[in-house]
Structure formats: C-alpha cells, structure tokens
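Feature annotations, reproduced from TrEMBL:
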type	residues	note
TRANSMEM	A:20-46	transmembrane segment
TRANSMEM	A:98-119	transmembrane segment
TRANSMEM	A:131-150	transmembrane segment
TRANSMEM	A:171-191	transmembrane segment
TRANSMEM	A:211-230	transmembrane segment
TRANSMEM	A:261-283	transmembrane segment
TRANSMEM	A:295-316	transmembrane segment
TRANSMEM	A:328-350	transmembrane segment
Amino acid sequence: MNLLIRIHDWFSFLGPGVSYGIAYLLETIFILIFVGISFMALIYVFRKYMARIQLRIGPNRVGKYGLLQVVADAFKLIGKESILPANRDDLAYRLAPLIIMMTTMVSFVIIPYGSLAYFGSLTITHSDVTLVLLFGVLSLLPIGEILAGISTKSNYALLGALRGVAKDVSFEVPMLISALAIIMISSRSFITGAQTYNSLSLAGIVENQVIPYGIIDPLGLLIFYISMVARASFTPFDLAESDSELITGYTTEYSGMRFGLFYIGLFGMVYLGSFFVSILYLGAYNGPASSDLGFIYLFIKTIILVLIAFLAWVSLPRIRVDKFVNLGWKYLLPISIINLVYAGLFVLYIR
Amino acid sequence: MLTGYIALMITIILVGLSLYLLFKILPSISQNRYRPWKISLKRKDIMENLAIENNPPAKDDSYLHPFESGEVAKEYPAGNITVQYYVIVLLFVLFDIDMLLLLPWAFDFYSLGLFSFIETIIFIAMPLFAVYYAFRRGYMRWMR
C-alpha cells in the first residue's frame with residue numbers, strides 16, 4: 001500500500017482514469033505541503049534555538065510562544081518592495097531565485113520517505129536511479145548562485161558568487177566519492193552475500209542497509225556530513241554570504257520576496273542534506289514496526305542532524321577564506337579516497 | 001516505468017505556476033515607489049501621504065545602483081572577470097567526469113571483484129597527481 005493507491009481508493013467512484021489523475025496531483029501536493037510546513041517549523045526552531053544559546057528569548061510576541069512569527073515574516077517579505085537595480089541583466093536576475101526554489105522543491109520530491117501507518121509508503125518518485133537523479137538536481141543550485149552574482153554589477157554580489165562557486169567545486173567531489181563508497185558497500189547484500197541490483201536508488205540502499213552504513217563507514221559519514229553542511233552554506237562555511245565582509249554575498253541586490261526565496265533555499269538545503277545523510281548512512285526508515293512508524297524514524301534522525309548543523313552555526317566561527325578551498329581538496333579528498341579503499345576491502349573480504 | 005516520474009513533473013509544473021502567480025501578484029500588493037504619488041486633502045489620505053511607506057526617503061535614483069554601504073557605488077568594468085581558482089575548477093571537472101565513469105563500476109563492484117578494484121585505485125590515483133601539482137604550485141590559496 002502506498003500513498004498513491006490510498007488516494008486512488010478515496011476517489012475510486014470517479015472511475016480509474018480520473019481518480020489516478022487526482023491521486024498523482026494530491027500526493028504531490030501532500031508532500032509539498034509537508035515540506036513547506038517543516039520549513040516554517042525549522043526556521044522557528046532555529047530562531048528559538050539561537051536565542052536560547054545567546055541568552056535571549058527569541059520570537060515571543062506573534063501568536064502563542066511566537067509560533068506565528070514565521071507567517072508574519074512571510075507576509076512582511078511579500079509586502080516589501082522589490083527593488084530592481086538599474087544595470088541588471090534582467091532575465092538572469094529574475095531567473096536566479098526561481099532556479100534555487102525550483103531545485104529545492106524538486107529534490108524533496110525525489111527522497112523516499114518510508115511508510116506511515118494509514119497512508120502506507122510516502123515515496124512518490126519511483127525510479128531505479130534516484131541517487132544519481134538527486135545529485136543531478138543538486139548540481140543545478142550553483143547555476144542560481146552564479147546568475148544571482150553576475151546579473152547585477154555589484155562588487156559584493158560578484159565576490160559572493162565567486163566564493164559560492166569555490167565552495168560547490170571544493171565540496172562536491174568528497175561528497176560524490178563518499179556516495180560512491182556507499183554504492184560499493186550496498187552492491188553486496190548483507191543477508192545472502194550475493195550481488196544486489198538496486199544500489200543506485202535511495203530506496204534500494206535503504207533496503208540493503210541491514211546495519212546502518214554509518215557504523216560500517218564512519219569516516220564516510222563524517223566527510224559526507226561536513227560536505228553537506230558546506231554545500232548548504234551553513235555558518236562555518238558561509239563564505240558566500242559572510243555578512244561581516246560581503247553584505248549578504250550574492251543576495252545583496254535582492255529584496256522582498258526574491259530574497260525570501262533565497263532564504264528558503266538555504267534552509268531547504270540543510271534539511272534536504274540531513275534527509276540525504278540519514279538515508280545513506282543512518283538506516284533511514286528501517287527499524288521495529290517500520291511499516292507503520294518508518295517515516296517517524298526517518299524524521300527523528302533528520303531533525304537530530306539538522307539540530308547538529310544549527311549547533312555548528314551558532315557555536316563555530318567562520319572558516320578563513322584561504323583555508324577553505326584547502327579543506328575540501330587537501331584534507332577531505334584524500335581521506336575520502338582512503339575511505340573508498342576501505343569500503344572496497346570491506347566488501348571484498350570482511351563483508 | 002515512466003509513471004514513477006509523474007510526481008516530479010507535477011512538482012515542476014506546480015512550483016512554476018505558484019512562483020509565476022507570486023511574481024504576477026507581487027507588484028500589486030507590495031509597496032511600490034514607481035506608483036504615482038497622489039495628493040488628496042482628505043484627513044485619512046493626509047496621514048497616508050505623510051507616512052514613510054508612500055514617501056520613501058530616497059527621492060533620487062540612488063537606490064537603483066548596486067548597494068555599497070552608502071558610498072557611491074563603483075561598478076566593475078564590463079568584460080572578463082578573473083577567476084583566480086580556475087585550475088581548481090578544471091580539477092573539479094576532471095574529478096566529476098571521473099566519478100561519473102565510476103558509478104557503473106560501483107554498481108557492479110562485488111561481481112567485478114579485486115582486479116577491477118586495483119585498476120580503479122590506479123585510475124583515481126592519476127588525477128590525484130594533478131591535485132598534488134595544483135597544491136605545490138599554490139593554486140589552492142585564495143590569492144596566489
């Protein structure tokens with residue numbers, strides 16, 4: 001049973017064609033609403049968490065405990081004026097936030113969500129290559145950054161875009177090599193010891209993951225998590241928008257709702273990356289009674305990873321620019337290749 | 001098998017549509033300094049005319065220039081931009097294509113066995129020499 005069949009059952013009195021059409025539409029809207037609500041919850045939790053660490057109270061006026069602050073902020077951003085700079089490259093300027101937003105939303109649809117009691121499996125994209133698909137979609141994000149940086153003739157935006165590209169270029173390679181190690185480990189079944197044929201899809205990796213791969217491959221977990229936080233441009237790595245040097249980096253010339261879309265992209269990336277890490281390394285929705293509670297397991301793991309990333313945001317100082325490219329190429333890349341060798345030997349000999 | 005991607009297509013259409021609507025209705029609900037400033041002498045409208053929302057502090061075109069902390073913005077000249085880490089970008093392309101070629105290998109890793117594993121290690125070690133070269137020549141510093 002999955003979400004599609006369940007919604008199809010609700011509307012089955014309309015005939016099979018119409019009800020499947022409605023089911024495809026409604027399951028997508030269901031996931032998008034879930035993602036939107038969790039964005040708002042994440043921003044609220046982040047502001048409260050940051051306030052507690054800095055000995056403040058945080059948002060507490062709008063609604064009970066300030067719960068509606070995020071909604072108020074969204075309306076404020078919509079109501080603000082969008083200043084369009086004079087010397088802009090118009091198409092690139094308008095396209096950049098759309099690319100960021102579209103990419104974030106599409107990548108959330110690809111993720112397998114496990115199953116929840118009544119609805120069954122919440123996975124809505126069924127494909128054999130979702131891992132490759134997700135990496136492909138994520139590689140569209142830098143295009144948005146570059147377009148935002150060079151579309152206006154602002155020095156700060158250009159510097160931010162240059163740093164953003166350096167970040168993506170430096171940390172994508174260790175991320176990919178760690179994912180390669182996971183595909184290798186997943187290519188041999190733990191139960192039968194034979195070759196498996198589903199290790200390129202996220203759902204297949206979770207299926208093969210009898211022991212969480214984070215226990216087998218802790219080095220890969222570390223590298224992947226660091227690269228993920230860096231690609232989400234969270235604070236130890238937020239050189240692209242370091243607000244004390246460049247004003248906000250490549251989003252300097254944006255205001256109003258366009259800036260809000262960039263902000264959603266920032267939080268969306270760390271949320272998505274936490275889903276990604278918990279699927280590849282932490283066993284995702286496997287566990288006791290996983291056909292009823294699987295989604296809950298995945299969600300709890302993801303929230304813990306997001307909270308660790310928030311903790312890094314509020315407690316670590318920003319990494320220096322010249323040490324930044326070094327971290328990706330000089331440390332993470334050799335360690336990830338060592339990790340690849342270890343994974344190969346593990347699959348061939350230790351199992 | 002193509003039915004698995006329908007949700008993806010619907011997402012692209014839905015998000016695209018909602019973003020289009022958002023930016024279509026945005027100019028009509030947001031504050032806009034291009035709107036003609038109407039003068040009326042009703043008591044309600046006087047307060048509205050005095051309010052800072054309809055009477056923005058910058059009356060000239062300075063807000064249309066790039067933001068530079070209040071200074072007069074100096075735009076960089078048109079033309080090519082120096083990307084000081086272009087060697088790193090070349091390395092990135094090299095490694096990315098490398099990973100792309102290795103994905104099918106990783107998929108079949110267990111049945112291909114030890115020999116192809118050693119081959120692959122040698123295959124990965126070759127671009128590592130390029131990384132070492134870039135490191136020794138100092139291309140990994142931000143400003144060389």
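Glycine is no exception: its Cβ is also placed from the backbone N, Cα and C atoms.
Because TrEMBL annotations are produced automatically, they should be read as predictions rather than curated entries.
The model shown is predicted, which means the values in this text are computed figures rather than measured ones.
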Beyond the flanks of the transmembrane segment (A:211-230) by at least 6 residues, Cβ under 8 Å: 167, 170-172, 174-175, 177-179, 181-182, 185-186, 190, 236-237, 270, 273-274, 276-277, 280-283, 286, 305, 309, 312, 328, 332, 335-336, 338-339, 342-343, 346
Candidate ranges A:20-46, A:98-119, A:171-191, A:295-316, A:328-350 - greatest C-beta contact count to the transmembrane segment (A:131-150) (under 8 angstroms): A:98-119
Outside the transmembrane segment (A:98-119), six or more residues from its ends: residues with CB under 8 Å to it: 2-3, 6, 28, 31-32, 35, 125, 127, 130, 133-134, 137-138, 140-141, 143-145, 147-148, 202-203, 206, 261-262, 264-265, 268-269, 272, 275-276, 279, 284-285, 290-298
Range from A:20-46, A:171-191, A:328-350 with the greatest count of C-beta pairs under 8 A to the transmembrane segment (A:295-316): A:20-46
